[in-house]
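Data block below; observations after.
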Amino acid sequence: MSTRAIQNPDVDRGTAGRRGSSDKLSWLFLFMIIWVVASTFNYGFGISELNALASALTCPSRGAISASFKLPVCFEISSSSFGVVTALFTLGGLLASLLLSPVSARLRWTRRQTLGIAATINCLGTASQAFAPASWVLGLGRGLMGMSAGIAIAVVPAYLNDLAPPHLQGSIGVLNQLSIVIGILIAQALGVSPLGASASAQHITFAGWRWVPIVSFAISLLQLLCFRLSIDSPREAGPLREKTLRARLAGRNVGSGLEEESEEQEGLLDSEVSSRSGTGGAQAEKPIELQELIRTVTSRDGAAGAKSLRKGVALIVLTQLSQQLSGVNAVLYYSSSILSDALGAGSDRQGSSDSEATAKFIALGITVINALMTFPPLYLVSESRLGRKNLLLLSAGVMCASNAVLALGIVNNISILSALSIVTVVAGFSLGLGPVPFLILPELVEPRAVTSASALGISLNWTANLLIASFFLPLRNLLASVDGGSGGSVFAIFAVINAASILGIQRWYAYEWIDQQD
């Protein structure tokens, strides 16, 4: 038996006395969770990796050459060129999310194999950054790292969902987002450390910033070294191995009785497949490719399966776009200058180096808040508590109000109000819109459509991310002409978007329990 779709509340309420050994999680289970979320840790690390390293990476004139490694300590690139290098991470992620479904379907990659490939690509990308002799090589490394991240964020939610027992799927699924924010936090902390110091403050041997991507390289290398110890996603292992793998994950001994049962099941399965021959039954579990998925959801097919798929994909699109268009990335981009002003760091009395250091620590503090506020959903995500839908509504509501107050604070030059609003925006995002859209990716569609539906949702997520990065500053500057020059009214737009997300989630996000028996 396997359960899909949104968690049944009875899984949490009515099975407490029946779990027995399922409450005992094996070392294999713990190892697999860490092995899988290492991929999304690298995704978060890549998001924030260069944010605090800009001053160390760039220099107004040709940088000194390392005597030991013959590598420049910094690159002579403009801020706009540095922005392009940073954005290549997003472009790489978008490309990978678009290609993942057709390529993995054609080559029949399992989730385990796909994460192994992602780790290999990340090793290449981070090594390219660490030993980049020129800025274009740094950009190439960012693009490769983004491709690895695009693969990881599409695969990890479904992998975690399949590894976890039903009563823990919600909490385990939130670990996807937690690993992302921890990756962001570690990267920010390294940027604040001496590794992020400018070239003038370093001994010219091996520039400190070059050690930062090596951290991500080491994580991926460990994944590859441990690849032989990992196991396939049980659902992908086939009916004969699935029960064995689930028993191992639950810490139960896999004895001869289970093996004999598997042999008996094999005979029954062979008979069943033979009886289906010529009827198309054997094709039932063929994965739905992305093109087929798009044709199905855009057609007017009235079949029950098409309607269910259409509804699930629509919810994936809604939640993925709600996440990126909530304004959290724009708020994080703008946070340093706002909080520096609120704390007095922007005064003329402070030197530029002090202001820069303060901005780095402010960004680190915001990331800490982001990480801490990801813990409550671990408990609240269960349907017997607050649940997925209510977390999304609460999160969007907090972000709607916070963006509106932030707009008022900036337009009216009330720094403390703006600072508090930034904190509540980040906290609100971490409560629901951060973790839940990824958590529900494998829950909203049937198993054979998970890969393609995830690829569609994640590619839209990356696209929205790229649009925000490209148009936020021009839009802020445009609105500055009508709000007194502050540009703060741009956050009112995000408040409206969050209000629309609340209406959409409230209207269309309905729970449906589907119990499928193999």
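Don't overthink the numbers, they just go from 1 along the chain as shown.
Note: Cβ is positioned from N, Cα and C throughout, glycine not excepted.
According to TrEMBL, the compositional bias 'Acidic residues' annotation covers 258-269. What TrEMBL records for 32-513 is domain 'Major facilitator superfamily (MFS) profile'. Residues or ranges marked as region 'Disordered' in TrEMBL: 1-20, 256-284. Look at TrEMBL and you will find 25-45, 82-103, 115-137, 143-160, 172-191, 211-231, 361-379, 391-410, 416-441, 453-473, 485-505 tagged as transmembrane segment.
Highlighted: of the candidate stretches 143-160, 172-191, 211-231, 453-473, 485-505, 172-191 has the greatest count of Cβ pairs under 8 Å to the transmembrane segment (25-45). Between the transmembrane segment (82-103) and the transmembrane segment (143-160), three or more CB pairs separated by 6 or more residues in sequence fall under 8 Å, so the two stretches touch.
In this chain, the transmembrane segment (211-231) does not touch the transmembrane segment (391-410); fewer than three CB pairs sit within less than 8 A of each other, excluding pairs fewer than 6 residues apart. Comparison of 172-191, 211-231, 416-441, 485-505 by number of C-beta pairs under 8 angstroms to the transmembrane segment (453-473) places 416-441 first. Distant neighbours of the transmembrane segment (416-441): 6, 153, 156-158, 161, 170, 173-174, 176-178, 181, 315-316, 319-320, 322-323, 326-328, 331-332, 334-335, 338-339, 341-343, 366, 369-374, 376-377, 380-381, 388, 391-399, 401-403, 405-406, 408-410, 450, 453-454, 457, 461, 488, 501; these residues of the same chain sit at least 6 beyond its ends, with a Cβ under 8 Å from one of its Cβ atoms. Residues of the same chain lying 6 or more positions beyond the ends of the transmembrane segment (172-191) and with a Cβ under 8 Å from any Cβ of it are 33, 37-38, 40-49, 51-53, 156-157, 160-161, 163-164, 211-212, 215, 360, 363-364, 367-368, 370-371, 374-375, 377-378, 381, 430, 434-435, 438-440.
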